[in-house]
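K.L.:
Features from Swiss-Prot:
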- TYR107, GLY172, GLU187, LYS188, SER205: alpha-D-glucose 1-phosphate binding site (BINDING)
Amino acid sequence: MKDGAHHRPVRRTISLVLAGGRGSRLQDLTENCAKPAVHFGGKFRIIDFVLSNCVNSGLHRIGVLTQYKSHSLLRHLQHGWSFLRNEVNEFIDLLPAQQRVDEASWYRGTADAVYQNIDILREHDPKYILVLAGDHVYKMNYASLIEDHVALGAPCTVACIEVPLAEASAFGVMTVDAMRHITRFDEKPAHPQPMLDQPEQALVSMGVYVFDADYLFAALQTDIEDAASHHDFGKDLIPAIVSRGEAMAHPFDLSCVKSSPESPSYWRDVGTVDAYWAANIDLTATIPQLDLYDKDWPIWTYQPTSPPAKFVFDDEGRRGMAVDSLVSGGCIVSGALVRRSVLFTGVHLHSYSSVEESVLLPEADVGRHCRLRKVVVDEGCRIPAGMTIGFDAEDDARRFHVSADGVVLVTVAMLEALRVSQA
């Protein structure tokens with residue numbers, strides 16, 4: 001484990017993972033599950049990255065706050081994250097919306113979700129609360145972040161990263177002075193403020209916050225009494241704390257876990273089909289910026305029992321082969337060609353087909369003589385023999401969902417609708 005993972009501030013910290021969001025920008029990928037439960041990287045779920053960061057940082061007291069279509073997420077956590085031991089005060093508590101405050105209230109926002117569980121948090125007597133978005137992909141040593149929070153001496157610390165100005169309107173945009181005080185915070189502004197020394201960049205919140213526990217509890221109480229509040233960290237709580245001059249910034253570079261010092265810091269909000277596709281395809285690089293093979297900082301998950309991947313046939317024009325790709329257990333590449341793609345568990349590709357720059361989720365089946373390029377195929381899809389996807393934008397748009405950057409999303413429901421229309 002990395003240095004600093006077991007310092008006392010970490011042992012006095014409870015981590016809260018906000019995992020209740022629908023993630024509607026991912027279109028039909030979140031039709032049946034919350035965004036943190038979406039598959040990623042060949043064998044993982046998105047939430048595995050933030051939970052692995054917690055465990056690898058020595059944070060073993062974790063609450064996961066869920067709401068939207070949480071069944072698959074809860075099942076994944078029960079199967080893959082039950083190894084922490086309650087008898088030594090380690091746990092992952094599942095905290096679905098239970099109308100704890102009044103019978104009419106589900107979680108009305110991210111801040112309200114934490115507020116409704118204050119009584120549970122107080123039982124553990126934490127000194128610090130680490131609040132984490134459960135839908136981002138990155139590797140971070142939270143112990144370093146918490147130690148920085150303690151050293152800075154402010155009651156609230158917000159982790160931040162630089163992004164291109166053109167992308168900043170999707171995030172909370174921050175202005176920070178030379179001493180790292182946050183002087184301004186705008187949630188998803190239409191016209192984001194650029195960095196003073198880098199006019200093409202903006203400094204944005206990563207959705208990662210550290211609070212002194214008693215301070216957070218008081219701030220949440222004040223927020224809940226404000227009838228005009230959305231009860232959201234980004235929209236309400238953080239701007240209010242910034243306005244009082246009580247929030248500090250923590251640059252991601254200070255705690256990013258990298259394979260080598262010269263590697264760039266990698267953090268992705270995979271909240272759109274384009275971003276989701278791109279982050280998966282990033283992993284096919286010879287040396288990807290996000291290293292899944294780092295034994296010092298493993299990404300933990302639940303992996304169902306499956307046989308090894310298999311590649312069969314070696315005939316001219318019918319050769320089972322994958323190049324610059326991730327191929328998971330249980331896959332069968334039968335006389336098909338795969339280039340720069342990610343195949344999740346149990347994918348089956350039949351003869352004479354080709355798959356390029358595509359992401360195929362578990363148990364997808366691609367028939368003979370198919371051609372796929374820049375496609376995301378949802379779990380359990382069966383692509384009929386001879387189908388071509390990703391080569392004709394107009395034809396693709398009539399049948400499936402085509403993103404702004406030309407990624408084609410294919411789901412079981414779309415294929416069924418197409419079958420019915422052609423019957």
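Glycine is treated like the rest: Cβ placed from N, Cα and C.
What you are looking at is a predicted structure, and each value in this text was computed from that prediction instead of being measured.
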K.L.:
Max Cα distance spanning TYR107, GLY172, GLU187, LYS188, SER205 (alpha-D-glucose 1-phosphate binders), Å?
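P.N.:
Across TYR107, GLY172, GLU187, LYS188, SER205, the two farthest Cα atoms sit 22 Å apart.
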K.L.:
Identify, in sequence order, the residues in the chain of SER205 (alpha-D-glucose 1-phosphate binding site) that are 6 or more apart from it along the sequence and have a CB within less than 8 Å of its CB; answer 'none' if there are none.
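P.N.:
Non-local contacts for SER205 (alpha-D-glucose 1-phosphate binding site): VAL158, ALA159, CYS160, PHE171, GLY172, VAL173, MET174, PHE185, GLY234, ILE238.
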K.L.:
Around the C-beta of GLY172 (alpha-D-glucose 1-phosphate binding site), how many further C-beta atoms are within 10 angstroms, looking at every protein chain?
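P.N.:
So the number of other Cβ atoms within 10 Å of GLY172 (alpha-D-glucose 1-phosphate binding site) is 24.
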K.L.:
How would DSSP class TYR107 (alpha-D-glucose 1-phosphate binding site) in three states?
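P.N.:
Looking at the DSSP assignment, TYR107 (alpha-D-glucose 1-phosphate binding site) belongs to neither helix nor strand, so coil.
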K.L.:
Using Cβ-Cβ distances, find the residues under 8 Å from LYS188 (alpha-D-glucose 1-phosphate binding site) that belong to the same chain and are at least 6 apart in sequence, listing them in sequence order.
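P.N.:
Residues satisfying the criterion: SER169, ALA170, PHE171, GLY172, GLY234.
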K.L.:
Within 10 Å of each Cβ, count the other Cβ atoms and name the one among the binding-site residues TYR107, GLU187 with the highest count.
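P.N.:
Of TYR107, GLU187, the one with the most crowded Cβ is TYR107.
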